[in-house]
């Protein structure tokens, strides 16, 4: 029997698919045309229809007007599709709805009576995905307080003071993390342009900085080592040669770390892509399991020793870690120019770094001894793995040749007139041309692009603060304050280096620490009369050494701690002890070596 319906012409009613807006009128509607419809009727029972149930959170009813005619005897189609879960809003408080029939009422003869009532059930609203409110408020408050509540020094311009407020707010956000680092830095950059503190071209000028692009390309080199398996092969060879005892195994891994570091500047990639998988394989083969008492048989010692050694290998080379390049760039902004930086860095760092790396496995062997002292099966395991890897592939040979070329140009680039970033660009071009890396590999290296974004913002702001005279004003003020205590530059040097090192307990990122404090501490040391190159390099070396303080102090820290072999109290205890040892080595051995080199 035909029924009349009051419906909107914007609806297209189908019997077996949902409407555009996620609603279905009475399940009997079909063949709609011209505002009327013929209806199938139903009088027999349908248990599947009567018992159809869906989770109900919020109930809403939609009633379709119809005539009072009786229902026919046809049951609802068994293959009827009900409206799926569909979004009805987006953003804050958005929810999802699903339309379903209410369980049918039963008539006198037990047949279901469809009264045209349907339900819309809604899922809970989505959680807030924007900035974390409290860190956001605190980070913004820092800038507002500096800008409007702290009196501006007479010697500082209004532009410099406003940029300083934005810079401090950006730094606070890097520490408190209301948003991911790159996103927060972009907000800071936007504010500098929006408030006309800096013109657009000046605000974005640091994106053309050579050092920042050298950092980005270094990430791509690290991906090449992981993708080709070259890093894994090199480390496995050292296990084969030195792995007959646990101590020898540790020295083998440390040597591999030192060899790979200059060509693989991502400490996190070295840890997660090369060394941790090898350590895990060796540990499991020795029945040493993570998150278990057996972890102390072998795994805990190897993990913690490799973690501590990584800081020294990163400090030994300019290209051993991304933050090293940033340090020298910030130093250059303060007028500290280092000729032939790759060679100068290696000369200054090599002796103390080698001494520290030679002693670290032995000290850890006594502080945190493994239960298994001998690993006679390790060389055989390494040999088996090398057999599985097969002969050196063409991609690995290309990677070796490319990195030898890049390192050679980094060493002799000044004499040849080839800048470090140009050498890196040439190396990347070779890898792309020969298919070792695909462009998609570069695009998917999110950490590289994220680093470029927020490093460029910090470097740009720091550069402008220097140009506007604020950094020099602060350095002179601190220098006068320290001078009132009649301290010589060596004492000032030691105090400020210690402050810089110990303050890393408050940071979860080495690069974030550099962006926040490196320029300020360096400026103070320069104002106190500390030799410029010595001050710049020593701070940069410390930037690597404090990466092993805690389980959150660096990217590799998170990787090694996350493996589950070392308990948190041991991480802090051993991190503090080894920090003292590293400071002694770099202060005493390094100090004598730097005197020999004429750095002071």
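Glycine is no exception: its Cβ is also placed from the backbone N, Cα and C atoms.
TrEMBL annotations: computationally assigned, not manually curated.
For 18-53, the entry in TrEMBL reads region 'Disordered'.
The compositional bias 'Low complexity' annotation in TrEMBL covers 37-48.
For 133-150 (among others), the entry in TrEMBL reads transmembrane segment.
According to TrEMBL, the feature transmembrane segment maps to 162-186 (among others). Away from its own ends, the transmembrane segment (162-186) comes close to residues 131-133, 135-136, 138-140, 142-144, 146-147, 156, 192, 195, 197-198, 449-450, 453-454, 457-458, 461-462, 464-465, 468, 470, 506-509, 512, 515-516 of its chain (Cβ-Cβ under 8 Å, at least six residues beyond either end).
Annotation source TrEMBL lists transmembrane segment at 198-221 (among others).
Residues or ranges marked as transmembrane segment in TrEMBL: 342-368 (among others). Long-range contacts of the transmembrane segment (342-368) within its own chain (CB-CB distance under 8 A, at least 6 residues past either end) are made by residues 246-247, 250-251, 254, 257-258, 300-301, 304-305, 308-309, 312-313, 315-319, 324, 328, 410-411, 413, 420, 533, 537, 540-541, 570, 574, 577-578, 581-582, 585-586, 589-590, 593-594, 597, 599.
Annotation comment: TrEMBL describes 389-412 (among others) as transmembrane segment.
Residues annotated as transmembrane segment in TrEMBL: 418-439 (among others).
Summarising the annotation, TrEMBL assigns transmembrane segment to 451-475 (among others).
Below 8 angstroms of C-beta separation, residues 175, 516-518, 521, 524-525, 528-531, 534-535, 538-539, 542, 545-546, 549-550, 552-553, 579, 583 of the same chain, each at least six residues beyond the ends of the transmembrane segment (487-508), sit close to that stretch. TrEMBL lists 487-508 (among others) with the feature transmembrane segment.
Annotated transmembrane segment per TrEMBL: 520-541 (among others), in sequence order.
Summarising the annotation, TrEMBL assigns transmembrane segment to 571-594 (among others).
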When counting Cβ pairs under 8 Å to the transmembrane segment (198-221), the leader among 133-150, 418-439, 520-541: 418-439
